[in-house]
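**Student:** Supplied in structure tokens, the structure appears directly below.
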Amino acid sequence: MAAEIHSRPQTSRPVLLNKIEGHSDGVNAAVLIPKEDGVITVSEDRTIRVWLKRDSGQFWPSIYHTVSSPCSCMSYHHDSRRIFIGQDNGAIVEFLISEDFNKMNHVKTYPAHQNRVSDMVFSLESEWVVSTGQDKSVSWMCTESGSMLGRHYFSSWASCLQYDQETQHAFVGDYSGQITLLKLERQTYSIITTLKGHEGSIGALWWDPVQKLLFSGASDHSVIMWDIGGRKGRTLLLQGHHERVQAVRYLQLTRQLLTCSVDGGITVWNMDTQREEAPQWLDSDSCQKCEQPFFWNIKQMWDSRTIGLRQHHCRKCGQAVCAKCSSKRSTFPLMGFEFQVRVCDSCFDTIKEEDRTALATFHEGKHNIAHMDIDPSRGLMVTCGSDRIVKIWDMTQVVGCSLATVFPAR
């Protein structure tokens, strides 16, 4: 069913304000222009477009620029009006946009990768552009000289990137499901650690430099919060999507996390609550409740003359259990389980009704979402994807009235 456009919020859900159509191929990235009624998009159709809202209420392209190769990603710096476009051929192109957003001039072309650029970040403080690519590398280049400063190769395609400008640390997610933390310097680098927790390729990262929190979304349908600043290895698993997660954004002022998936799911997580870490799954050769052997425990099966059982795990305590001892299902939002999951019978009895109260809200974007950007000051969000459509949403009813308090209406 087609999405309906409303002129004002009606309920506590995202309200579709505008749809932008006109691309002939998938839109890989879209960003809202701060303090302007405008959106910048890059697409597989090789176009870079700046859309401004006209008096009619519709968005029309004030800039329509075509490059030599499909546009895979972008990084836009509003104060300097510099925009960096990653391309399918591995190059990054820099442009300068005019103050009236009606003209765009080419500045430099950077030979960053040998294959498609998957993500990038521009740092004005260091005058670096840091990027990842399908050539399994992360590179950092000087935007003043245009020269390559350094490169590091991974064993898998590097899919997404976040960068801490103050400490010059880069977080790189890859197709194997790992996140590598690197310390970048001119001409050199060092690997700090590797974060392992996802069972699928990393689709999106978001770094909050204030609380030192890293958020990752992956093709295993899950989101993980990594407490980097705590230095204790604390992680929170969040499961509230049915498909791979491709966009994440943390709103530090309201302690809310926005995540989007390929099936159009938009989930808003309340992170301003005391959450619990999900337990590590325990190993055992027999059920840790009834002590019946699992099917690989040949000795115990022979001694007890019984057929081995299949192993399962309780999501609340982590114990290895059989199906008979884990016949119940329950949500447990405090551990991030917004959908019903397997729990052992004894843990099920300890879960109170108030423990099942949802800590996330679920919304339907009604289109494939490959990329998302949000402007908290106006409560606006833009989504785009392979269906060639760009949608602009009013999120003020979803992310809470606290936004209106922190950011008064213009």
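Yeah, the Cβs are placed from backbone N, Cα and C, and that goes for glycine too.
Per TrEMBL, the feature repeat 'WD' maps to 20-51, 195-228, 238-279, 362-395. The domain 'FYVE-type' annotation in TrEMBL covers 281-352.
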**Student:** Of the residues in the domain 'FYVE-type' (281-352), how many are helix, strand and coil by DSSP?
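**Tutor:** Tallied per class, the domain 'FYVE-type' (281-352) gives 19 helix, 20 strand, 33 coil.
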**Student:** How does the model score the repeat 'WD' (20-51) in terms of mean pLDDT?
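**Tutor:** So the average pLDDT across the repeat 'WD' (20-51) works out to 96.
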**Student:** Give residue numbers and ranges for long-range contacts of the repeat 'WD' (20-51): same chain, 6 or more residues beyond its ends, CB-CB under 8 A.
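**Tutor:** Tertiary neighbours of the repeat 'WD' (20-51) are 59-74, 76, 78, 83, 85, 88, 95, 97, 101, 104, 370-371, 373-375, 377-378, 380-392.
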**Student:** Using a Cβ cut-off of under 8 Å, list the residues of the same chain at least 6 residues beyond the repeat 'WD' (238-279) that approach it.
**Tutor:** 14, 200-201, 203-206, 208, 210-211, 213, 215-225, 315-318, 334-339, 341, 359-374, 376, 381, 383, 385, 395, 398-400, 402-403, 406
**Student:** When DSSP states are grouped into helix, strand and coil, how many residues of the repeat 'WD' (20-51) land in each?
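**Tutor:** Looking at the repeat 'WD' (20-51) with DSSP, the answer is 0 helix, 18 strand, 14 coil.
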**Student:** Sort the residues of the repeat 'WD' (238-279) into helix, strand and coil with DSSP and give the three counts.
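**Tutor:** So the repeat 'WD' (238-279) is made up of 0 helix, 21 strand, 21 coil.
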